[in-house]
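These notes are about the structure you will find just below.
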């Protein structure tokens, strides 16, 4: 009965949010613009992209005039790391704080299999379509994404800045001879980029909304990607619907997540994501939304990107490494 009441509350909340928001995109504050776009350099392709997007022209006008940072600049947010360290032991509890990720994982993997098989000319019906490819999972947590990627044949490196997450991931992976081959590292994307590591595909799901500097973070992801390699990111749109469902609904009504897990001001719109990646030499090729059905408890791929969405892009081979 309690679960039914909570679902009904969430449905009413989402309906109210739809009425409140006539547009799925809500302009961010000046502070957020400075956090997202902390560099003044723009290449020709970024300028071209911006000129066709009036909203992004506004964003660029408010960007900080700081000089370009090197890849060694960290994008870590210590407060966010502390949050995830506190619940690291629950990564593989399917009914715990990470229940939404467990439920979303099959849908995320369906998008990844489809786009990356197409990108690398692989057979999506194969049991191991990613055999022979090197993938890196940035912000891997307990390994929810790294493990199925390894089972699909990829040589996987999982990276997380929280030591407890990495330990949990290693312990769980060691229970399976296939996943035990995953290389788990407690480090950052920036450090690996400085070391010159390269991968066929770089994936970072539900991470960018937790970093201190998304633009710098995406530069590091690009630096880790081989020319013409693939990049996959997922995050939460900054809309009233997203606030209603991911913060009010998931944290306060359904209590799937600890209160304070998400900050609405840190959510990233698809326009911002596209421009950030464009500046990092990654061209976004496809974006899909995730829609949750509270009756079935399942997530579906959708054209609706007003809350959760996932993006696939390619590293421009003509520009080489950044």
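Note that the numbers count up from 1, one per residue, in the order the chain is shown.
The backbone N, Cα and C atoms fix where each Cβ goes, and this holds for glycine too.
Annotation comment: Swiss-Prot describes 1-37 as transit peptide.
According to Swiss-Prot, the feature region 'Disordered' maps to 46-75.
The secondary structure of residue 108 (S-adenosyl-L-methionine binding site), as reduced to three states from DSSP, is helical. As annotated by Swiss-Prot, S-adenosyl-L-methionine binding site applies to 108, 139, 160, 205.
Summarising the annotation, Swiss-Prot assigns Mg(2+) binding site to 206, 209, 210 and lists sequence analysis as the type of evidence.
Nearest to residue 210 (Mg(2+) binding site) in space, judged by Cα atoms and limited to the binding-site residues 108, 139, 160, is 139. Within the same chain, residues at least six positions away from residue 205 (S-adenosyl-L-methionine binding site) with a Cβ under 8 Å of its Cβ are 108, 137, 139, 145, 232, 233, 234, 310. Classification of residue 205 (S-adenosyl-L-methionine binding site) by DSSP places it within a strand.
Counted over every protein chain shown, other Cβ atoms within 10 Å are most numerous around 160 among the binding-site residues 160, 209.
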